[in-house]
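A.B. asks: The structure's right below; bear with me while I get my questions together.
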Amino acid sequence: MHPPGFRNFLLLVSSLLFIGLSAAPQSFLPSLRSLSGAPCRLSRAESERRCRAPGQPPGSALCHDRGRCECGVCICHVTEPGTYFGPLCECHEWICETYDGKTCAGHGNCDCGKCKCDVGWSGEACQYPTKCDLTKKISNQMCKNSQDVICSNAGTCHCGRCKCDNSDGHGLIYGKFCECDDRECIDDETEEVCGGHGKCYCGNCYCEAGWHGDKCEFQCDITPWESKRRCTSPDGKVCSNRGTCVCGECSCHDVDPTGDWGDIHGDTCECDERDCRAVYDRYSDDFCSGHGQCNCGRCDCRAGWYGKKCEHPRNCPLSAEESTKKCQGSSDLPCSGRGRCECGRCTCYPPGDSRVYGKTCECDDRRCEDLDGVVCGGHGMCSCGRCVCEKGWFGKLCQHLRKCNMTEEQSRSLCESADGTLCSGKGSCHCGKCICSGEEWYISGEFCDCDDRDCDKHDGLICTGNGICSCGNCECWDGWNGNACEIWLGTEYP
């Protein structure tokens, strides 16, 4: 039995312990825990205060309503296409501006959807150097689009980089050369982008299923499945891979310059009349070598002629295979794709043009001419389609002077492309001009930045042999038209 004094001592200790627990902060309560799972040492009020934006009163949204608060730390929700982030989940725009395929142009860091530029760079994508060492001429040259227009007439050039005109603040004009104008996608009546039924990319609307039109303004009265069924050709391809299906009807890619149907036609674009054109018969409006009729891409030959394209006379002592082989020579195409083969003999086209000659029409002196018609730059002579340059000149068209009065530094500054690479890494620099690699015949352009393989082909020939490839686009010779210079618009040859 304990004395009364001991009992009083126990009562005093119990009272003090009760008071202490009552006054203890809620951080010791098991309801709040830290990220490690240990009890949180913050009160609930303090934890929530740390998860609110500065200046927000108690009871307002925690973590901007984009996450949960755990012991004063915001755990942000995962969203599409990325995640909310930031100390208070305040950042949603996680993608920063890009320039030439690089985030913040490679000259800054992406912070909460905005570029923080390195010293010496500015702009929404850190694409503009604050100090420019380029001359105005070089700067403007670097700002020209493929049509040689500075910033597509939709912006201004700053040190070789385009700054697009977006005074309205909507940013609808963009692109490396300000070539994209999304204002073209806005419906004039509703003022909605693509009528609210599609997405805009570089000034073109891509409509949702069931809608069509330049601005997705027309609704299709049949289901997408039925539309696709009507457009499917017998070989199971939508519009035979030669057109676009719009509400159950095929719009074939080929357009005849006269306004009638073009070489590609049919309900599902299944007919390609180009299959009736022999590579050595491109210079006439007649199909099937002029000796038959073309029916949906197949030749029906007249009497006395045979072959896939009615190219072989029946009275020829040679077989069709022997005739074609004699006309090919070292080329993969009969008459090098520049003439007509009949019974093993080539007739070069166009008739009367002395620039195309040879037993198999292998020589084409038009290749020695520049776009202005000057032969070998005026500094050489043409021999079977190749320039033989005068002393002191070199290059494919004798366009480069061997003697140079520039310093190496001056020369290099003129050869650097927009990203600072010398001749795009595909050539060497001589006197301020890029000499593109001879091993890669398809590399061209002022800065060796063009790939001539991108030019359209027909019959296996770049620009159909009726023009030259200039930075990915065909520049057709007189009388020819079309993306691949495959359409003859001149007078018929006899």
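For all residues, glycine too, the Cβ spot is worked out from N, Cα and C.
Pulled the feature table from Swiss-Prot, pasting it below:
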type	residues	note
DISULFID	CYS51-CYS69	disulfide bond
DISULFID	CYS76-CYS89	disulfide bond
DISULFID	CYS117-CYS126	disulfide bond
DISULFID	CYS143-CYS157	disulfide bond
DISULFID	CYS164-CYS178	disulfide bond
DISULFID	CYS185-CYS200	disulfide bond
DISULFID	CYS288-CYS299	disulfide bond
DISULFID	CYS335-CYS346	disulfide bond
DISULFID	CYS348-CYS361	disulfide bond
DISULFID	CYS363-CYS384	disulfide bond
DISULFID	CYS455-CYS469	disulfide bond
DISULFID	CYS476-CYS485	disulfide bond
DOMAIN	40-90	domain 'I-EGF 1'
DOMAIN	180-217	domain 'I-EGF 4'
DOMAIN	220-270	domain 'I-EGF 5'
REPEAT	143-184	repeat 'III'
REPEAT	231-275	repeat 'V'
REPEAT	327-367	repeat 'VII'
SIGNAL	1-23	signal peptide
A.B. asks: Quick one: of the disulfide-bonded residues CYS185, CYS335, CYS361, which has its CA closest to the CA of CYS89 (disulfide bond)?
C.D. replies: CYS185
A.B. asks: State the Cα to Cα distance, in Å, between CYS157 (disulfide bond) and CYS117 (disulfide bond), rounded to an integer.
C.D. replies: 20
A.B. asks: CA-CA, which of the disulfide-bonded residues CYS126, CYS164, CYS361, CYS455, CYS485 lies nearest CYS299 (disulfide bond)?
C.D. replies: CYS485
A.B. asks: Quick one: of the disulfide-bonded residues CYS76, CYS346, CYS363, CYS455, which has its CA closest to the CA of CYS126 (disulfide bond)?
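C.D. replies: The answer is CYS76.
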A.B. asks: Tell me the Cβ neighbour count for CYS89 (disulfide bond), meaning other Cβ atoms within 10 Å of its Cβ, over all protein chains shown.
C.D. replies: 23
A.B. asks: Suppose we draw a 10 Å sphere around the Cβ of CYS164 (disulfide bond). How many other Cβ atoms does it contain, all chains included?
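C.D. replies: I get 20 for this one.
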A.B. asks: List every residue in the same chain as CYS51 (disulfide bond), at least 6 positions away in sequence, whose Cβ is under 8 Å from its Cβ.
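C.D. replies: For CYS51 (disulfide bond), the qualifying residues are LEU62, CYS63, CYS69, GLY72, VAL73, CYS74, LEU88.
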A.B. asks: With the cut-off set at 10 Å between Cβ atoms, which of these disulfide-bonded residues ends up with the most neighbours? Options: CYS76, CYS185, CYS476, CYS485.
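C.D. replies: Answer returned by the neighbour count: CYS485.
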A.B. asks: Around CYS288 (disulfide bond), how many other C-beta atoms are within 10 angstroms of its C-beta?
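C.D. replies: A count of 25.
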A.B. asks: Given the disulfide-bonded residues CYS143, CYS185, CYS288, CYS363, CYS469, state which is nearest to CYS348 (disulfide bond) when distance is taken between Cα atoms.
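C.D. replies: So, of the listed disulfide-bonded residues, the one sitting closest to CYS348 (disulfide bond) is CYS363.
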A.B. asks: If you skip the near sequence neighbours and keep only those at least six away, which residues in the chain come within under 8 angstroms of CYS361 (disulfide bond), Cβ to Cβ?
C.D. replies: CYS335, SER336, GLY337, ARG338, GLY339, CYS346, CYS348, TYR349
A.B. asks: List the disulfide-bonded residues among CYS76, CYS185, CYS288, CYS363, CYS384, CYS469 whose C-alpha is within 10 Å of the C-alpha of CYS476 (disulfide bond), in sequence order, or say none.
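C.D. replies: Hits: CYS469.
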A.B. asks: Spatially, which candidate from the disulfide-bonded residues CYS117, CYS363, CYS384, CYS485 is nearest to CYS288 (disulfide bond), comparing Cα atoms?
C.D. replies: CYS485
